[in-house]
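Here is the structure we will look at.
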Amino acid sequence: MIYQNVLEAIGHTPMIQLNHMVGPKDARVLVKFEGLNVGGSVKTRTAYNMICEAEKQGVLKPDSIIVEPTSGNQGIGLALVGAVKGYKTVIIMPDSVSRERKLLVEHYGAKVILIHDAGNIGDCIDECLRTAKKMARENPRVFVPQQFENPANPMAHRHHTGLEILEQVAGPIDGFCSGIGTGGTITGIGETLKALNPKIRIWAVEPENAAILAGGTVGTHIQMGIGDGVVPEVLNQEIYDSIYIVTDDEALQTAKDLARKEGLMCGISSGTNVAAALKLAHELGEGKTVVTILPDTAERYFSTPLFE
Ligand code: PMP
């Protein structure tokens, strides 16, 4: 089979069972490895869907410029899609994200604007958004996908990631958990899984220093891609039944274990998700199935504590 371009190869990532990190009396834990996705993360899916939907609606025209404020992977995804489809792309990101993310966006030919993170990631993300909105006001060719508000973001997961999970597991799914950046992943996948099994346990996972759904305050943390300090508009707050909090140390250790014990080279938020999945698997017990996502590849984190 030959794909006409790389965009047609997005998705269809493998579902892999964890064997060495799960207790003998715990539920089976299955991870969907998005590090193997085109573009190296789950966010290529949402980038592609947001651009295709905007084209369908006529808001994205051949001479449009894609401008998006994003903490990284969404920018890489949009830069990739923009490159293939021929759109000029500008990504606005906090200067606290890993250097690799900035370099990858630039390598796809997009422009990067860095905004200083003075210690509150929420404030910094707000400033990224203000900058994008200002550019849109000043230039009618600018299109801002706004992943935090765009229904095409969770739609990508409802229609694609979620259905792939159902097909791959081909049996009952008793638990699902996910960290929240835009909330697209937990909302889209959660809605698809819950439609089939209304009793499924779904956990929203938050970094300890950005646990706003749990009523906590926002500081800095290393779980990049989640815990941005805002309650996103696309997040369906009815979809999860519990909130689970993960410390930076737990996320880091779990991400390292995933490489060392399971051969899964994934990012820090994958550690976050799996730390929660292991706990949920322990609560549900033998004979049950828990699914989570490994959102991206470890190769995006060489300059971070993951490789210290
Ligand atoms: N992990 C990483 C590494 C990410 O880049 C993202 C996207 N921001 C997420 C998790 C969370 O995904 P979502 O935006 O769908 O909540």
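Using N, Cα and C of the backbone, Cβ positions are placed for all residues, glycine too.
Here the structure is a predicted model, which means the values were calculated and not measured.
What TrEMBL records for Asn73, Gly181, Thr182, Gly183, Gly184, Thr185, Ser269 is pyridoxal 5'-phosphate binding site. Counted within 10 Å of its Cβ, the other Cβ atoms near Thr182 (pyridoxal 5'-phosphate binding site) come to 27, all protein chains included.
What TrEMBL records for 7-296 is domain 'Tryptophan synthase beta chain-like PALP'. The average pLDDT for the domain 'Tryptophan synthase beta chain-like PALP' (7-296) in the predicted structure is 96.
What TrEMBL records for Lys43 is N6-(pyridoxal phosphate)lysine. For Lys43 (N6-(pyridoxal phosphate)lysine), the count of additional Cβ atoms within 10 Å of its Cβ stands at 30 [all protein chains shown].
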**Message:** Taking only same-chain residues 6+ apart in sequence, whose CB is under 8 Å from that of Thr185 (pyridoxal 5'-phosphate binding site), what do you get?
**Reply:** Val42, His157, Thr161, Ser178, Gly179, Ile293, Pro295
**Prompt:** Quick one: Cα separation, Gly183 (pyridoxal 5'-phosphate binding site) versus Lys43 (N6-(pyridoxal phosphate)lysine), in Å?
**Reply:** 12
**Prompt:** With a radius of 8 angstroms around the mean position of the C-beta atoms of Asn73, Gly181, Thr182, Gly183, Gly184, Thr185, Ser269, what other residues of the same chain does the pyridoxal 5'-phosphate site pick up?
**Reply:** Val42, Lys43, Thr46, Gln147, Ser178, Gly179, Ile180, Ile186, Gly225, Ile226, Pro295
**Site diameter for pyridoxal 5'-phosphate, Å, by largest Cα distance between Asn73, Gly181, Thr182, Gly183, Gly184, Thr185, Ser269** = 15
